[in-house]
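These come from TrEMBL:
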- HIS60, HIS62, HIS209, ASP297: Zn(2+) binding site (BINDING)
- GLU89, HIS182, GLU212, ASP297: substrate binding site (BINDING)
- 51-398: domain 'Amidohydrolase-related' (DOMAIN)
Amino acid sequence: MVTLSVTGGDVLLPDLTTTRADVLIDRDSGTILEIGSDLEGDETLDAEGALVTPGFVNGHCHTPMTLLRGFADDKPLDHWLEEDIWPAESEFTAADVRAGAELGVLESITSGVTGFADMYFHAPEIAAVVDRAGVRALLGHGIVTVGKAEEAARADAEESLAFAREYDGAAEGRISTAFMPHSLVTVGAEYLEEFVPKARAAGLPVHYHANETQNEVSPIVENHGVRPLAYAAERGLLEPEDFVAHGVHVDDREIELLSDAGTSVIHCPASNMKLASGMAPVQRMLEAGVSIGLGTDGAASNNDLSMLDEARDAAMLGKIAADDAGAVSAETVVELLTRGGARALGFDAGRLEPGAPADLAVIDLEKPHLTPSHDLVSHLVYAATAADVRHTVCDGRVLMRDRDVRTLDESAVLDRAETAAEEIAARVGA
Ligand SMILES: CSC[C@H]1O[C@@H](n2cnc3c(O)ncnc32)[C@H](O)[C@@H]1O
Ligand SMILES: [Zn+2]
């Protein structure tokens, strides 16, 4: 057995208390062996003056959209997608998706993310990046059928199913998959009715955008006579293993449906603010027993992939939405950032204890904005930033040591992304 010891830090335990301890990891199995004093490993990672926390889980992302960061801002969702994003994405090649995914995964590792969910096209390219970079990911091919002829629409749904079947368990089990209709308004009912049972037969969860804007709710009510999540439940899209992105415009009955079904919601506060989509009723959903994780959404609507930013935004916006400074507390947000996201994605991670996957981030506390250290949970949510992440470990492997990413060549990734993004902008005539 080869071991790694993360030494001298304050370790964030599952009950959200911290203790000064070492974390001993079995690198072969990728799990935590012990948390305690004076634990020597074959290799050491210095956590003096730092907080050792479970790795952050980004529950909803489109990593290749890093290539469109700053490409189109300050528009609402429909206009942004239809006028700017979809025309640009229609120019993406498989190599572009790979370059964007490399950039997104690089940024994720540098900000302490050890696991994420991704919906995009050319998904095998993203899987290749995840495999190489050493992170954990739940991946899927996003389906859009509106505006397509039947043959092309069915091919898109078939591709989502085929990708999910083929890649589930890839990268030594670090990749899992889901069937991913883009949303309840961009995929026709006939395709959901035909393909969701096939996904279930393959044992796959389903992930989709739901109730993000009011413009997504009204057409379903008008055409089907029920609100979106009732429509989803009627078509078998609200199961305990499923997770929906956004969940902004949900009424009390839909919150009850989510809670009863055990379907998770991935709250994306930055994207919801930037696109002015609205404020998700996070505190009400939590009180109703809905399982919640956090997500950045794509870098073009955020505009970064830092989950620490997302945590701060979730706490701040949760209070405004509830008109209550006590709502969506720091403790609650840390749960969403780690365990909540892991639960939503079916990862057995998000906690530091013996037997758990060794997915963790080490946050440097010796910084002016993290001094004094009254409350490290408070610091994690309200004061820490991505730049404070010192090391990132996933599955027992050191992905970043002292801010040096070991699994990706940072300058080559930046060069490839810059070139790909310039060429896309030129092709689209921007
Ligand atoms: C078909 S692959 C995924 C698809 O989703 C688009 N997208 C990015 N951000 C959002 C969002 O906030 N709501 C809905 N769709 C979004 C992305 O551009 C891809 O085309
Ligand atoms: Zn999204």
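For all residues, glycine too, the Cβ spot is worked out from N, Cα and C.
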Among HIS60, HIS62, HIS182, HIS209, the one of these binding-site residues whose Cβ has the fewest neighbouring Cβ atoms within 10 Å: HIS182
Cβ-Cβ neighbours of GLU212 (substrate binding site) (radius 10 Å): 27
Same-chain residues at least 6 apart in sequence whose Cβ lies under 8 Å from ASP297 (Zn(2+) binding site): HIS60, CYS61, HIS62, ALA245, CYS268, ALA270, SER271
Nearest-integer angstrom distance between the alpha carbons (Cα) of HIS209 (Zn(2+) binding site) and HIS182 (substrate binding site): 6
Cβ neighbours of GLU89 (substrate binding site) where a neighbour is any other Cβ within 10 Å: 21
Residues flanking the Zn(2+) site, with Cβ no more than 8 Å from the Cβ centroid of HIS60, HIS62, HIS209, ASP297 and excluding those residues themselves: CYS61, MET119, ALA245, HIS246, ILE266, CYS268, SER271, GLY295, GLY298
